[in-house]
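What TrEMBL records for this protein:
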DOMAIN    3-333  domain 'Kinesin motor'
BINDING   G85, Q86, T87, S88, S89, G90, K91, T92  ATP binding site
COILED    349-413  coiled coil
COILED    510-537  coiled coil
Amino acid sequence: MEKICVAVRVRPAVSQDTPNGTYWKVEDNRISLHKSLGTPISGVSYTFDHVFDQDCSNGRVYELLTKDIIRAAVEGFNGTAFAYGQTSSGKTFTMNGSENDPGIIHRAVKDIFCEIQMTTDREFLIRVSYMEIYNEEINDLFSVENQKLQIHESLERGVFVAGLREEIVSSAEQVLKLIQLGEVNRHFGETNMNVRSSRSHTIFRMVIESKGKDTSPSDCSSLDDVIRVSVLNLVDLAGSERIAKTGAGGVRLKEGKHINKSLMVLGNVINKLSDCAKQRGHIPYRDSKLTRILQPALGGNAKTSIICTVAPEEVHVEESKGTLQFASRAKRITNCVQVNEIITDAALLKRQKLEIEELRMKLQGSHAEVLEQEIFKLRNDMLKYELEREKLAMELEEERKSHKEREQCIREQQLRIENLSSHAPFLDCDGNSNQGQEFLNQGLKEECNDSHSRKTEYSPLPDTICNVADEDTWLRMNKGYIADLDSLHITPARKVESFPSSEGTPGWSIENYRQEVQSLQKQLEHTIEERDELEKEFPAQFLFWKLPLGIVVDAFE
Ligand SMILES: Nc1ncnc2c1ncn2[C@@H]1O[C@H](COP(=O)(O)OP(=O)(O)OP(=O)(O)O)[C@@H](O)[C@H]1O
């Protein structure tokens, strides 16, 4: 068990406060609020693993807070470092830095490649990805066309974002170039508090696979080698904001609401985790995409450090207190950290090993550089193939789901028709028969016997019909036809007149039944047509759907 490492960083002040105001005092690893004359304000003093004042550089923050996590990631431990704090308090400055003082991400990337170079007894494979959570949707910063990506979970991969582009990389320079490209796609916006405010949470991720170098040529073909796979997340959160202060409206307001909501969920998760294990109960990781992705970093298998940034101005004192309380709770969280070693062939490195060896043999005698380039290209091609396969599998899964729903819909409608037919067995193409007359007579009798309790509200349709109507709405909603819950109106109970109790009163007649049946049949035909069209459009998926599951799985292996 290992505690999360928590630090606080106070950024330089941007405005002069009133001389009578309060101020934050930093001494060693303590931060406390003082009156202007120097008297400490009781109850507003906090201690953390580190507290950095406004003169502290990104270099020092990195050395004290993150370097160990980076080293451990190369050794096979998961790691996460994230910056938390109100808007304009210095999170992006800490993670990205400036030209003169590079931030944590830049330094981490450089260090990882240094560490790898020094670890001469292992070979490594590094993949990187960069995503943002904007308005509760996951977008790929390396590939703009990959939007609204979904989170999935599997035994082998844990929680992962399906379809996210990963690049295999071989140098720090290559990674930093990729990050630069990703930054262009990131959502920034101007608010009253920050001219360049992050409007999304960003997660830069490095997956580090490594294995011991083979000692004898015969080992090359062994598939039993242990592979270490670790995931390093470097996270720049969007800042919490008071709408009154940021002056947000329109798009900015919508973004602000999403930001605050997901940070609130993060706060809830941290709160729960900071309770002692017995009182903890359910941890609401699933309440936001951010907490779902950060789940291993919060109470899971990862070395985690949090840097909480604070704006020193007196006008932000309440927000700063909130940040420090968040930091205090985070300090109580313990993670269960262990090296991730796997012996299945899930590791990309392992699967690629044989192919690379083959290539090496073929290219023996050629120039080493050419060889390396070929290997690199092969690795990237294989990764793309992996991602494509994963995407196809997801699409297949989606198609399966919607196929199931369509089948269900057809069954429902058939049931409704049967239901109607059984209540109106007299329907022929002319709409009359003796049986129907008996049914009508009985309806009339019942209406007379019970005229007080069932006046015009009485519906001759079975109760289930109304339920089915609501079921329909539900089904449509679940199929994505209704995206906005506010637009959803529950189908009101059908208010139909009773059987005609006197001549001239409009009522539910045989004609009504016939129309209902015809309309249902039309709906059914329409659904079947829709399905046929889809089958034409995606013949492969339908072919897979018709195959037994085992064959489908094999096809993707
Ligand atoms: N430690 C620091 N030293 C010098 N300048 C800083 C420091 N921290 C922040 N700044 C400056 O303060 C401003 C706001 O910082 P930054 O954009 O990093 O805030 P943020 O917390 O990421 O805000 P948001 O949540 O709105 O994105 C920037 O101009 C940044 O350069």
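Glycine residues also receive a Cβ, built from the backbone N, Cα and C atoms like all the rest.
A TrEMBL annotation is a machine prediction, not a hand-curated record.
In this model, the coiled coil (510-537) carries an average pLDDT of 72. The binding-site residues near ligand 1, defined by a Cβ under 6 Å from one of its atoms, are T87, K91, chosen from Q86, T87, K91. Listed in sequence order, the residues R11, A83, F93, N194, G239, T309, A311 complete the 8 Å Cβ shell around the ATP site centroid, once G85, Q86, T87, S88, S89, G90, K91, T92 themselves are left out.
Counting every protein chain shown, 26 other Cβ atoms lie within 10 Å of the Cβ of Q86 (ATP binding site). Put plainly, the binding-site residues T87, S88, S89, T92 were compared by Cβ crowding within 10 Å, and the winner is S89. Of all the binding-site residues listed here (G85, G90, K91), the one with the fewest other CB atoms within 10 A of its own CB is G90.
In this structure, T92 (ATP binding site) is part of a helix by DSSP.
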